[in-house]
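Chemist: Just passing along the structure, written as structure tokens.
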Amino acid sequence: MVLIRVLANLLILQLSYAQRTSELVIGGDECNINEHRFLVALHDALSGRFLCGGTLIHPEWVLTAAHCNTHFIIIYLGAHNQSVEFDYEETRYPEKKYFFPCSKNYTKWDKDIMLIRLYSPVRNSKHIAPISLPSSPPSVGSVCRIMGWGAITSPNETFPDVPHCANINLFNYTVCRAAYPELPATSRTLCAGILEGGIDTCHGDSGGPLICNGQFQGIVQAGGKTCARPRKPAVYTNVFDHLDWIKSIIAGNTAVTCPP
């Protein structure tokens, strides 16, 4: 009987340790293959090198981070395992790229956004479908979903073949301001992460989505040298604050005026 109790306690300890260590994987667990139909992968068309993630918001439009731009981009839609190409995957080249033009009341962090018009639209399929733009702003305290092919260890980085997904929390901007004093006193960006550390977006996740309560609210910005540190949440471009610009460009008004 004593031996059984000892073995049972050892099993509990082992399971507890396994749970804690799995929580420390940057980016969480492997995404379900049907969970990220809107997630796209941006590659350098010349070298084939993976650059960033992005989000399909319309059959003809992708939203990503401005710092992901390079001269020649190829976009993979419906991708899951980057080492294996499947018949259902599609590729597109940009027809045109749009960058947020406003300077007044917008810092460089606020403007890390790029809208890409695809050379030709894609059709919805089992593995490809756009996500809607947000209908309301995100609320502090929301649980948000992150996903991407970024590093799953840091600072010694390893990159997965398949995207990883995880849940994080949305904080008040002051939390990121305290973590990164170089940030401006006020900003239109979002602040999200896990205060205890261990789960975070990392290098390679840039441009990918932040999904809060089922709505596409943020775009991953470039992070620091080390990811998933305690009390070091990440900064995301606020999609809702750019809705008028995004919708105007998609509607064909490329000479949009800056919001106040």
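Just so it is clear, glycine is given a Cβ too, placed from its N, Cα and C backbone atoms.
These numbers come from a predicted model, not from an experiment.
Residues or ranges marked as signal peptide by Swiss-Prot on the basis of similarity to another entry: 1-18. Feature annotation from Swiss-Prot assigns domain 'Peptidase S1' to 25-251; the stated evidence is sequence analysis. Swiss-Prot lists C31-C165, C52-C68, C102-C258, C144-C212, C176-C191, C202-C227 with the feature disulfide bond, giving sequence analysis as the kind of evidence. If you look up Swiss-Prot, you'll see N81, N105, N156, N172 marked as N-linked glycosylation site.
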Chemist: Test of understanding: give the count of other CB atoms lying within 10 angstroms of the CB of N172 (N-linked glycosylation site).
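Modeler: For N172 (N-linked glycosylation site), the 10 Å Cβ neighbour count is 11.
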Chemist: Looking at the disulfide-bonded residues C52, C258, which sits with the largest number of other Cβ atoms within 10 Å of its Cβ?
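Modeler: Per the Cβ count, the most surrounded site is C52.
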Chemist: Quick one: of C176, C212, which of the disulfide-bonded residues has the smallest count of other CB atoms within 10 A?
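Modeler: Fewest other Cβ atoms within 10 Å, among the disulfide-bonded residues C176, C212, is found for C176.
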Chemist: Go through C165, C191, our disulfide-bonded residues, and report the one whose Cβ sees the most other Cβ atoms within 10 Å.
Modeler: C191
Chemist: Say we define neighbours as other CB atoms within 10 Å of the CB. Which of the glycosylation sites N81, N105, N156 has the fewest?
Modeler: N156
Chemist: I'd like to know which of the recorded positions C31, N156, C165, C212 sit within 10 A of C191 (disulfide bond) at the Cα level.
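Modeler: Hits: none.
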Chemist: Just going by other Cβ atoms within 10 Å, which of the disulfide-bonded residues C31, C68, C102, C144 has the emptiest spot?
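Modeler: Each of the disulfide-bonded residues C31, C68, C102, C144 was scored; lowest Cβ tally within 10 Å is C102.
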Chemist: I'm checking region-level scores; what's the whole-number mean pLDDT for the domain 'Peptidase S1' (25-251)?
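Modeler: Across the residues of the domain 'Peptidase S1' (25-251) the model's pLDDT averages 93 on the 0 to 100 scale.
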Chemist: Rounded to a whole number, how many Å is the Cα of C258 (disulfide bond) away from the Cα of N156 (N-linked glycosylation site)?
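Modeler: Cα-Cα distance, C258 (disulfide bond) to N156 (N-linked glycosylation site): 41 Å.
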Chemist: Determine, to the nearest whole angstrom, how far the Cα atom of C227 (disulfide bond) is from the Cα atom of N81 (N-linked glycosylation site).
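Modeler: Rounded to the nearest whole number, the Cα-Cα distance is 23 Å.
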Chemist: Using the alpha carbons only, what distance in Å do you get between N172 (N-linked glycosylation site) and C144 (disulfide bond) once rounded?
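Modeler: One finds 14 Å between the Cα atoms of these residues.
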Chemist: Counting across all protein chains shown, how many other Cβ atoms sit within 10 Å of the Cβ of C227 (disulfide bond)?
Modeler: 26
